[in-house]
Ligand code: HEM
Ligand SMILES: N[C@@H](CC(=O)c1ccccc1NC=O)C(=O)O
């Protein structure tokens, strides 16, 4: 059973690198929880991006069934991220203040994968690249992403292919705005799902995604208020006041607006 010359479990998974990447900067007991909570979230985000990018390519090519499977997996990943807050919630303000100063000015604001998920979905606020300018590779990756059609842009492309009067966006580097022609197209899809089943299913997959995303934001702001109250964030924002404003962000406004008309 010697694995001296064969690939072992740890070799395959790169576990030495993963399990030696926890470097608490204080003696506080809960700092390990804080680090692992973020690292596992970033790993799940990596998988979500892998699935979202592949789903976007398949949707653009008109191969919707495998894309649905990937988007369903993204929804399960988001559930995982949402459940993870239950672990972090066991950390009280007393526990957190034991090591908060050790975090310096670092903050979730600098999670480039979180911003990339927003950018791939289509919520592109170029000002959010600011916190990544110290890493030209990451800022560059976000800029390149903002120049590509988003997940929602390729979905709009499917509406056009199906004969709806929907034009590609003239600018890709901004959040999606509600558009009368697109809302009218979705209205026809939702009024007659049997005729437009794939588009209907696609729309509901996007709704699932945004629904889970909103729950993540809500869990975040609630946990933050529970742990630091209304203190300013280490990233320089007002903290809870900023995160509450972010709850209003809408990824797919047409899909939310069409509901009022049905
Ligand atoms: C006790 C735990 C946490 C606290 C107190 C906290 C606090 C904050 C605060 C105050 C902000 C606003 C930016 C700033 O001024 O710093 C922020 C942003 C952010 N945090 Fe957390 N956070 C916590 C846990 C997490 C976890 C577990 C994640 C998961 C990766 C996360 C990801 C983010 C992201 C992505 C942002 C940017 C949000 C946006 O711009 O919309 N945070 N956090
Ligand atoms: N913004 C947080 C700090 C923080 O949460 C954080 C710091 C370093 C690495 C990840 C973090 N998590 C999410 O924002 C605070 O103000 O306490």
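Placed from the backbone N, Cα and C atoms, the Cβ positions cover glycine too.
Just so you know, TrEMBL annotations are computer predictions that nobody has curated.
According to TrEMBL, the protein carries these features:
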type    : residues                         : note
BINDING : 34, 35, 36, 37, 38, 96, 100, 234 : substrate binding site
BINDING : 220                              : heme binding site
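Taking the features listed in TrEMBL, we show where each one sits on the structure.
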| residue | record | contacts (Cβ under 8 Å, 6+ apart) |
| --- | --- | --- |
| 34 | substrate binding site | 88, 91, 96, 99 |
| 35 | substrate binding site | 22, 23, 24 |
| 36 | substrate binding site | 22 |
| 37 | substrate binding site | 84, 87, 88 |
| 38 | substrate binding site | 108 |
| 100 | substrate binding site | 228, 234 |
| 220 | heme binding site | 85, 108, 243 |
Close-lying binding-site residues around ligand 2 among 36, 38, 96, 100, 220, 234, where CB distance stays under 6 Å: 38, 100, 234
Listed binding-site residues are 34, 36, 37, 38, 100; which sit with C-beta under 6 angstroms of ligand 1? 37, 38
Longest inter-residue Cα distance for the substrate binders 34, 35, 36, 37, 38, 96, 100, 234, rounded to the nearest angstrom, is 19
